Structures are given as structure tokens and as C-alpha cells.
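Database features (TrEMBL):
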ACT_SITE  His197  active site, proton acceptor
BINDING   Arg102, Arg108, Asn141, Arg172  substrate binding site
BINDING   Asn115, Val139, Gly140, Asn141  NAD(+) binding site
DOMAIN    166-340  domain 'Lactate/malate dehydrogenase C-terminal'
Amino acid sequence: MFLSTQAEPIRVLVTGAAGQIAYSLLYSIAKGDVFGKDQVRFILTNHLDPPGHPPMLPVLDGVVMELQDCALPILKEVIPTDKVEVAFKDIDAAILVGSMPRKEGMERKDLLKANVAIFKTQGAALDKYAKKTVKVVVVGNPANTNCLIASKSAPSIPKENFSCLTRLDHNRACSQVAMRCGVSSDQVKNVIIWGNHSSTQYPDVHHAKVNLQGAETEAYQAIKDDAWLRGDFISTVQQRGAAVIKARKLSSAMSAAKAICDHMRDIWFGTKEGEFVSMGVYASGNSYNIPEDLIYSFPVQIKNKTWKVVDGLPINDFSRAKMDATAAELVEERDTALDFLSQ
């Protein structure tokens, strides 16, 4: 368990708190998987769901009761609310899970338009009420562009404090490599998810290492199947969310919650020496020729709650093309979203 560094409880906002992901997420945070032994005060809301959404406060009350019934020592208080000024007041961490889901027959641009409205509101609320040191992770899709809109709507909060979740994709890639090599997933490190949290993302293992019987081996050497690594491996990770929905008739929840915990814990406590993880962050100043004004998933190392993109990794032509394709999708998403934002 991580040692306590803070006397006051950490104020953690979770939006979409009546949903499936939050149901797994809240328990993990409340038992210490993310912020260690520090006490936590949850603020739970579903109030930024789209207009016309049924009021979720009664459901939140049920979630509050269950959290109380877990009798967890570090959980100081749980506050359900539908008021922006209560939800965002002095928060240390914001986990923005709630977003408008894509409905059947919905055009991607309609989805973007609905989410621009939601994340503009959330960004403005962060700007007005949250601590300026708040760490914000956006989970609700389209996560990269939602994160960009939230950040642009919160000009007084440093851009570096915003990130979006690609850790689920990262964990999926790790797990695929581990299963292929017959090792546990903690024996695989430094896989990378480049780009958008969408089916254009590029899961890259050119820099990954696998521990085989105590010897650190490059992933391509460990797997010895370049066709799989350049074909089915990539498409499996890219399409995994859709495969889960097809099987479960519901989207990934347990695995998404675990990924959020991994992401936020690494922000709070840092990454291990010699290891990097994937997260969607501002592309400004990157060394990989990715357009600047994007939230793009890069390999990052984190120290003192500050991330830094891992620079200078050699990129071959195969990787370059895939990195550029996902960047092009993000540019298109951004331009559409910014049009809506200016309306």
C-alpha cells in the first residue's frame, strides 16, 4: 500500500457515477487502489448527462448506500449531487466517465456535437470551482476530443493537468503479448498505444520487452511471429471494445475501471524506473511530428505528478503510417468539435 502524504481527504469527482464503469471503479478507489492510504471524499454526479436524461439521483443514493455498506476505512464521505458548484468545488481529481453514448443510426458528428456541449460545461465548471492543481482524466468517448474541449474550456488550469484514458488499450495490448508468450502480464512492459482511443489507434510493440525466464527479451524476438504482430494483434486490440459489446451486450466496465485506476495511480505515484505507459496528453512539443493542438496517446513517464513524453524512440515506416493515420482522424474530430464549440 502507498504511504499517506495528505492530511485532508482527497476530493475525487466521478461523473457518470450511476453507470457500469463507476460501479467497479468506486470500490477500487475507496479501498485504496489509487490514492493509497490517504482518505478519500467522493463527489458523485450524473447531472451532466444530456438534457432529457432521467434524473439519476435516486440511483446514486443506492450507490452511496453500497459504498457505506462496504465499511471501508479510508472512505471519509460520499456526496451525491446534481449541482455543478458542489460537484466541482475544490476537487483534487476529476474522473469524467459520463458522456453521451453513440445511439443506433447516430452520425459521428452528432455524437461529437452532443459531447462538445457536455465537456464545455464540465471544463467551465473545472475552471470556476476546482483547484488549479486538479488532475483530470477523461474516459467518456470520444475521449481524446472530449478531453481537448474540456481543457480549452478551462483556460486557468494547466493543459498538462488533462489526460484521456488509453490505458485500457495499453492493458489489452500487454495482455495479448503476455498470453502469446505464456507469461503473466506483469512480465511485459513498454507497449505503446499511439493516437486516438478509437479503432484507428496503433498498438505498437517495437519497443516492448518481455521477461522470459528472467531474461528481458524484445517482444518481436519473444513472439517470433511478425505477421501476427503486424496483423491480428493490432486488429484484436483495436476491435476489443466492440468484441466485448458483442459478447456481453454491454461495453467494457470492469476492465475500464481497472485501467482508470492504473492511469490515476501512475499520475499520483509515478511510473516505475525504466518503464513507460500510454495516455492521451497534449501533443505540444512532441518529437514525433504529431500535430500540436491534439490530445494524442503517447508513451509517457511520470514523476512528481508530472508526465513527460518518452522522446527519441526510433519509428519505422510501418509505425509512421499508422501514427499518421490516427493523427489525421484526431485532426478531423478536433476541427469538427471546435466548429461546434465556437457556435
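Keep in mind that glycine also has a Cβ here, set from the backbone N, Cα and C atoms.
Comparing the binding-site residues Asn115, Asn141 on other C-beta atoms within 10 angstroms of each C-beta gives the minimum for Asn141. Taking the mean position of the Cβ atoms of Asn115, Val139, Gly140, Asn141 as the NAD(+) site, the remaining same-chain residues with a Cβ inside 8 Å of that point are Leu96, Val97, Gly98, Ser99, Met100, Val138, Pro142, Ala143, Asn146. Among Arg102, Arg108, Asn141, Arg172, the residues given in the record as binding substrate, the maximal Cα to Cα distance rounds to 25 Å. Put simply, Gly140 is the one of the recorded positions Val139, Gly140, His197 whose Cα lies nearest to the Cα of Arg102 (substrate binding site). When the Cα positions of Asn115, Val139, Gly140, Asn141 are compared pair by pair, the longest gap among these NAD(+)-binding residues is 12 Å.
For Arg172 (substrate binding site), the same-chain residues 6+ apart in sequence whose C-beta sits under 8 angstroms from its C-beta are Pro203, Thr236, Val237, Arg240, Ser255. Annotated pair Arg108 (substrate binding site) and the residue listed as 'active site, proton acceptor', C-alpha to C-alpha distance, rounded: 14 Å. Here the Cα atom of Gly140 (NAD(+) binding site) is found 10 Å from that of His197 (active site, proton acceptor).
Per-residue pLDDT, averaged across the domain 'Lactate/malate dehydrogenase C-terminal' (166-340), gives 97. Within 10 Å of the C-beta of Gly140 (NAD(+) binding site) we count 26 further C-beta atoms, all protein chains included.
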